[in-house]
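Per Swiss-Prot, Zn(2+) binding site is recorded for C21, C24, C39, C42, and the stated evidence type is similarity to another entry. Swiss-Prot lists S9 with the feature phosphoserine, giving similarity to another entry as the kind of evidence. The omega-N-methylarginine annotation in Swiss-Prot covers R12 and rests on similarity to another entry. Per Swiss-Prot, N6-acetyllysine is recorded for K48, and the stated evidence type is similarity to another entry.
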Amino acid sequence: MGPQGFYWSHPRKFGQGSRSCRVCSNRHGLIRKYGLNMCRQCFRQYAKDIGFIKLD
């Protein structure tokens, strides 16, 4: 078992490493509120399609 076997061998059941964006699988800037589970970049892209409106 070489180094590639140890890379993702630790179980990720909780914490930042266990969650990812449902669109692009990114782990940074995740919006979990309301069960969105999207990174902020994908949220900006799909916010209008989801039904969010930008208030002035």
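Glycine is no exception: its Cβ is also placed from the backbone N, Cα and C atoms.
The binding-site residues in question are C21, C24, C39, C42, and the one with the fewest Cβ neighbours inside 10 Å is C24.
Taking the C-alpha positions, the distance from the residue listed as 'N6-acetyllysine' to C42 (Zn(2+) binding site) comes to 11 Å. When secondary structure is read from DSSP and collapsed to three states, the residue listed as 'omega-N-methylarginine' falls in the coil class.
Each residue contributes its Cα atom, and for the residue listed as 'omega-N-methylarginine' and C21 (Zn(2+) binding site) those atoms are 15 Å apart. One way to see the shell of the Zn(2+) site is to take the Cβ centroid of C21, C24, C39, C42; the remaining same-chain residues with a Cβ within 8 Å of it are S20, R22, V23, S25, N26, G29, L30, M38, R40, Q41, F43.
When Cβ atoms from all protein chains are considered, those within 10 Å of S9 (phosphoserine) total 8, not counting its own. Cα of C21 (Zn(2+) binding site) to Cα of the residue listed as 'phosphoserine': a span of 21 Å. There are 10 other CB atoms within 10 A of the CB of K48 (N6-acetyllysine), with all protein chains counted.
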